[in-house]
Structures are given as structure tokens and as C-alpha cells.
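Novice: Dumping the structure here so I can ask a few things about it.
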């Protein structure tokens, strides 16, 4: 998992890790994990932190070593990239930038992608993703649709 990180990212993570490894023994406590991640621009909730700690801290020692930390951060970085890609895709579909994808916008983009859809097919796609029933797709609905694929 950690192979997906660049040398610069690994160096940055090592520097942050070292700042919180107070006694220099090569481990940080689970309590400090949140502080480290926030210093690197991540914003995990308490529940997310607990989940991450449970995943990484196999022996229940309450500490995380650097290889475990790298694995954790590469997962978080991957999640962030995915979210950014979804935002970018939403912007492509949302031609007028109003925060919603209309049937006309969906049809336009799908046609440009080489997908010749009937009005019924476009309406069906909108209906499937349109949780609140307003006839268009907002960002939250788009994310749900993309994540369910």
C-alpha cells in the first residue's frame, strides 16, 4: 500500500511522525495520531481515528510504528484522490455550475462521450440517482451514485 506514495510524501510523513514520537522510540501513541494527521491536512473524525487505530494497532499496544503509519496515510491519500476525482467529474457534468446536474446536462455529456441515450434512458439515470426527487442530481446524490459503482 505504501508503495503508492512518492519519496517526497514519505519524507513529509516521516518528518511529521518524528515530531510526535516524543521519546524517539519509533512509535507514536494512538492519541497522537489525530494530531499528526491534522498537521498533514487530513481531517479525520474521532470515529474514523478509532477505526484506523483498530486496523493498524494489531497488538493493542496503543502505539503505531512508522510502517503502520505509512500504510494508514497512503489509504487516506487514496481516499482523498478519489473524492477529488469525483468532484472533478461532477464539475464536468454540471455545465452551468449551479451545483446540480439536469437531464439536459447529463444528456449533453453522455452524447459527447459517444453514448447515444434516449430521453427515457437519461430520465431513468436521473431517477436512479435523484434521492430527493427534485428531477436533478446534486453533489451528494452524485457521490452516492459514483461510490455505489
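Glycine residues also receive a Cβ, built from the backbone N, Cα and C atoms like all the rest.
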Novice: For the Ca(2+) 3 site that Swiss-Prot describes with 94, 96, 98, which of these is also annotated: 85, 105?
Specialist: 105
Novice: Taking Cα atoms as reference points, rank the binding-site residues 23, 25, 98, 105, 134 by distance from residue 68 (Ca(2+) 2 binding site) and give the first.
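Specialist: Given the candidates 23, 25, 98, 105, 134, the nearest one is 25.
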Novice: Is it possible to list how many residues within the domain 'EF-hand 3' (81-116) are helical, extended or coil according to DSSP?
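Specialist: Secondary-structure composition of the domain 'EF-hand 3' (81-116): 23 helix, 2 strand, 11 coil.
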